[in-house]
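Features as listed in Swiss-Prot:
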- 1-22: signal peptide (SIGNAL)
- 52-497: domain 'ADPK' (DOMAIN)
- GLU297, GLU328, ASP481: Mg(2+) binding site (BINDING)
- ASP481: active site, proton acceptor (ACT_SITE)
Amino acid sequence: MALWRGSAYAGFLALAVGCVFLLEPELPGSALRSLWSSLCLGPAPAPPGPVSPEGRLAAAWDALIVRPVRRWRRVAVGVNACVDVVLSGVKLLQALGLSPGNGKDHSILHSRNDLEEAFIHFMGKGAAAERFFSDKETFHDIAQVASEFPGAQHYVGGNAALIGQKFAANSDLKVLLCGPVGPKLHELLDDNVFVPPESLQEVDEFHLILEYQAGEEWGQLKAPHANRFIFSHDLSNGAMNMLEVFVSSLEEFQPDLVVLSGLHMMEGQSKELQRKRLLEVVTSISDIPTGIPVHLELASMTNRELMSSIVHQQVFPAVTSLGLNEQELLFLTQSASGPHSSLSSWNGVPDVGMVSDILFWILKEHGRSKSRASDLTRIHFHTLVYHILATVDGHWANQLAAVAAGARVAGTQACATETIDTSRVSLRAPQEFMTSHSEAGSRIVLNPNKPVVEWHREGISFHFTPVLVCKDPIRTVGLGDAISAEGLFYSEVHPHY
């Protein structure tokens, strides 16, 4: 009988605790566990949760990613837009009758042989690259083979159009896109993207995206990572023909954020035209009303003189924010003799401390300060396994959420999933790293439960987070644009800007 009473007593108390939980769901778990333990019922069962580092990191991101208080309402994006024809690089080279040879980089492609050598060069590194193809007829022939190839897919292309598409996925945002928009591209664009009539043209600009998977082979070559090689004969985007249309459209559209891209497309132009056009870019940006932040999205470049001009000819001081990857960051510091500029290429995963040093140098040398009339206060850096957001203190808010959101979308978009599928991604970021190599940096040990790491250096804040890398990416093109758009979407600029 006593045994029965004890069992019943325990049962009633367990039921009571359950009722408390149902009636007071907001009561902290620790309080409930203490209550359970005080009743001598043994340790409370641990709440279910993700066990893998990837699962814990994804759950931590979801808790951190919140919308900013002040949100963008109208975003204007320009000026490069095209149709991406996406297919297997190896299969296209085979269809063109090309055989595996030796890799060699070419800053401009003049022939099919140049294409094959450049593709092999970057496939061997697992690195993304973009090149201009100079011969119109040869490019047209290659583009026709690619476009009609079984399995070839047509997508919205061009940094501006891709960023516009990403923003347009948010129904509460109005998006203006200025760029060379032909019939196929117009058909592919989201209904929420408004294209001014002056941007419409009769013929599309095509870019060929040659993808390869991690471990894919071509002759003796084996790709270490999945990536893509992009090339085009794009004259409209190359001359940034839509720049003036873009700026003239802003007065009527009244955006509260402007995103500019396409400077890299000028590499196929003469030096004189590049110089002239850059000056016009600066003038156009200067015509954008004060108080509207301007984000510049960089892309793959090989012309050091053009990159140096972008840095020094008042383009950087005229923009508010930059988006770039590891190739562009290294090329930038090499072109402008910045930190670690003697490094010829990244050896595997870009060193966090080196990246941090270069970001610090850009903002210190070209960013806003008391002694410099520059608007540049933010850089969003992304590489395959981690991202860093660097900001000048006092100008931006919600950057912890912004960097996490950018990293999260890298995993979902590459895997073509709505949310992170932890079985299809892996955590490949360095488990520990130094925050600087040019000064006494801190040693950071990665914790998946606290995935965003923050550090500060002379009035500049850094937010670092790993990426959950998709093991079997469906599509790699446009990831950088999606990352930058998502980071901007969750960013908040202070009102005094």
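Heads up, the Cβ atoms here are built off N, Cα and C, so glycines get one too.
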Which of GLU328, ASP481, the listed binding-site residues, has fewest other Cβ atoms within 10 Å: GLU328
GLU297 (Mg(2+) binding site), number of other Cβ atoms within 10 Å: 28
Env. residues of Mg(2+) site, Cβ within 8 Å of mean position of GLU297, GLU328, ASP481 Cβ: ASN159, SER261, LEU298, ALA299, GLY323, LEU324, ASN325, GLY480, SER484
Mean per-residue pLDDT computed across the domain 'ADPK' (52-497): 93
Collapsed DSSP category at GLU328 (Mg(2+) binding site): helix
